[in-house]
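Over in TrEMBL, the protein carries these features:
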| type | residues | note |
| --- | --- | --- |
| ACT_SITE | ASP156 | active site, proton acceptor |
| COMPBIAS | 348-359 | compositional bias 'Low complexity' |
| COMPBIAS | 362-376 | compositional bias 'Basic and acidic residues' |
| MOTIF | 4-9 | motif 'GXGXXG' |
| MOTIF | 32-36 | motif 'GXSXG' |
Amino acid sequence: MCEGGGQRGIFTAGVLDEFQRAGFNPFDLYIGTSAGAQNLSAFVCGQPGYARRVITRYTTSPHFFNPLRFVRGGHLIDLDWLVEETSKNMPLAMDTAEKLLLEGREFLMCACRSDDYTANYFAPTRENWLPVIKASSAIPGFYRMGVELDGVSYQDGGISDAIPVEEAYRRGADTIVVIRTVPSAMFYTPQWMKRMEQWLSESSLQQLVRMMQHHESSYHRIQQFIENPPGDLRIFEIFPPKPLASHALGSRLPALNQDYHLGRRCARYFLSAASHWLIPREKDKPLPYIVPRTTRPKRVVVPEENPENVVPIAAEAGPVEQIILDPAVLTDIVADGGMVRAAAFNDESPYPAKSSAPKPEAPAKAEDKRSDGENL
């Protein structure tokens, strides 16, 4: 499940690119909203780096994001230009996506109706893939008209279902991986909604207030679902430890690159810490070991030993104990500036809990010697 967030989706792009580098794709169902739908399109098409290039090259262009055009009555974000340019210069590998979906996997994009904000989930085909992406990403007001699909006007799916975990559960999912663009358990009113208040007429402002109330209500409900998953549902979250440097719109390139590399680091830790719970394996066949990518350290010159600076080792120090993470435990893991959380069988859930165990200690941070500027 991939959350939206405009240009903050660069974090999700980093996570999914690292998944592709590691060959990690055990998923049967993919659901994305807004920027999450765009990122997952690149993932199911098997095109690492695609979403990053779209965000850094195209969404930073004045052809796409133009406040002056908006003041003069046009779109603040020109989705028509974005879809046309990317499809012409960077077409999606539809053949790869169709091959993947023929294996029995399912890909859905969420968009909501403009009239009553009902969330709808579209299984895109080669013919309607791009219009559905546009509908899922049509931020109300900033893209002044909705996107018509089958005679119905649709807008950004994040209004009604920013993180479609409930839909995944309704479709039979028992393990869900959620990639978020804001810290877990953080609720916020998007800045683009706040800015619109000063630009809209009174009638339009009333419609915005209704939409914001609907968005807040649905987001609170989704957060409660994630924190208290029903029955035997297990939810893994990959999210930034603090608000990202980039914004939904108008982000600068250094901030986008910083958040992209943060996403890759979070994904590397997730792969090393939790991927074995998701990869199916045959009986008596060992789990594949995914090795995180590292760089060779530079030559280090060690100074001569000074007896005055030697610290004696405590004699009472005991052996290091092995920490085994139980998948049936609510586990918070902090690693390398990123965060991965597994929420499973939560005791506070209104549904029967499967097990209850003390929370294990988090593993120590692993140093990542890779610089943010490195070309991954």
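Glycine too: its Cβ is placed from the backbone N, Cα and C atoms.
Unlike curated entries, TrEMBL annotations are predicted automatically.
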So what's near the motif 'GXSXG' (32-36) in sequence-distant terms, Cβ-Cβ under 8 Å and 6+ beyond its ends? 1-9, 12, 108-110, 136-137, 139, 156-158, 161-164, 179, 181
Three states by DSSP: which one describes the residue listed as 'active site, proton acceptor'? strand
